[in-house]
Amino acid sequence: MTELAPLPRVVLGSLAFGVFWMLAVFPSVPFLPIGRTAGALLGAVLMIVFHVISADDAYASIDLPILGLLFATMVVGGYLKGAGMFKHLGALLAWRSQGGRDLLCRVCVVTALASALFTNDTCCVVLTEFVLELAAERNLPAKPFLLALATSANIGSSATPIGNPQNLVIAFNSKITFLQFFFGILPAMLAGMGVNTVMLLCMYWKDLEGASPDEVAAGKEMEAAEEGRSPASVLSLKCGASPASANGAGLRQRQNGNGHGHDADSVMSENISTKHRWFMQCSEQRRKLFLKSFAYVVTVGMLVAYMLGLNMSWTAITTAIALVVVDFRDAEPCLDKVSYSLLVFFSGMFVTVSGFNKTGLPGAIWNFMAPYAKINHVSGVTVLSLIILLLSNLASNVPTVLLMGDEVAASAATISAAAVTRSWLLLAWVSTVAGNLSLLGSAANLIVCEQARRAPRNAHDLTFWSHVVFGVPSTLVVTAIGIPLIGKISI
């Protein structure tokens, strides 16, 4: 049984955690609009100032392996973006699309699978504007595709430890291997992805009629013929470019030998004067091809190392530094793309949650609920899942995992060793899918919302209520269908 700390410590610790929670959920609250990152640091400082946790314990509570893995994953993601990985994913979405319903299914499948390997947040950042453009080109409403992107990213990310931050925490704390984690949740993820797609199609079936690809192409040709320009120049004018710049862009693309322009801000951009002599002896096209190929090869090697059970954090860091070294230039532009505010947020959150745990209050609440949340009974799994769903949306999914993980695993240990593994996987599945309940349930949702609202073209405002109308039924159904499938495949 977990004992409560002295009353003053419980009150002050709860106050500090309340400040953290308020700023994590409402980062722009009028009387303290300092944001999530500063809010996490404020919560950590209050825990120390109130003597809820000592300074040494606070430093010890910061999980460096998780921070290292997050950092390295962002570096690798930057190089993959520069290598055109996500442009290829976008091209896969548009290739021979057969109308709005086909396109929606592609968005769901491609986003879910990509999020399992490259994190849900990364996929949402790079695919939102592309999905908006695909929908606009086919005269389709943006809302179904934005919902498909956000919800599928969350569902797909549940399948691997690197899919989202809470899975990282679970993988490290539970010591479950990459393959055990993957195969344990894969059936639920695939079923959830399919059900979510069907629900989207049912809810927006009529809205997804739009224009067929042939009609869109014919319309562009007719518009171009009427104004005496090529279809490419018409498209460029819609994007805000002049005909001359459009022709120049097309010429540069042909000179590059492919259909994709070169992003000036790309991590993989070339600076020939800083390259090694071997690079100087190769053509520019070969240099680019080598760097892109190397990025893909080492990323595949990183995934293989995960599957072999090697240390995930140091594997990712090794992959990141290999990309930096082979790129053979100042790594600062790449490192600038790392979200250091996210790393600081996690550090503050680790300290805050650790301090709250030391008050004994989370343990006491769990001791009250534990008899009703045994995972060897249907009723217990239902109660546990509802608790995780509610807490994940009230306190966010990562703090929920930090607060409940050890307690749930300890309760499951009284049943069997297999029950412990299943309890961790159940926590991963429910806390991740819970992000689809509302717009505030997941960072991926907020990314899609903000990216769509600020898009230079085809902007769309995905409101809180428009998300909830689909998010609530989808979350409840997908969670319920996936729970019986958790842990069905074991290795």
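Backbone N, Cα and C atoms are what each Cβ position is placed from, and that goes for glycine too.
What TrEMBL annotates here:
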TRANSMEM  6-26  transmembrane segment
DOMAIN    28-434  domain 'Citrate transporter-like'
TRANSMEM  33-53  transmembrane segment
TRANSMEM  59-82  transmembrane segment
TRANSMEM  181-205  transmembrane segment
REGION    245-266  region 'Disordered'
TRANSMEM  340-357  transmembrane segment
TRANSMEM  377-396  transmembrane segment
TRANSMEM  464-486  transmembrane segment
Practice item. Check the domain 'Citrate transporter-like' (28-434) for me and report the mean pLDDT. Key: 81
Check your understanding: Taking a Cβ cut-off under 8 Å, which residues six or more beyond the ends of the transmembrane segment (181-205) line up next to it in the same chain?
Key -> 101, 104-105, 108-109, 112, 116, 141, 143-144, 147-148, 151-152, 155-156, 158-161, 167, 170-171, 307, 421-422, 425, 428-429, 433, 436, 470, 473-474, 477-479, 481-483, 485-491
Study note, to complete from the structure: Spatial neighbours of the transmembrane segment (6-26) not adjacent in sequence (6+ beyond its ends, CB under 8 Å) are 32, 34-36, 38-40, 42-44, 46-47, 50-52, 348-349, 352-353, 355-356, 358-361, 394-396, 399, 440
Study note, to complete from the structure: If you count CB pairs under 8 A between the transmembrane segment (340-357) and each of 59-82, 377-396, 464-486, the winner is 59-82
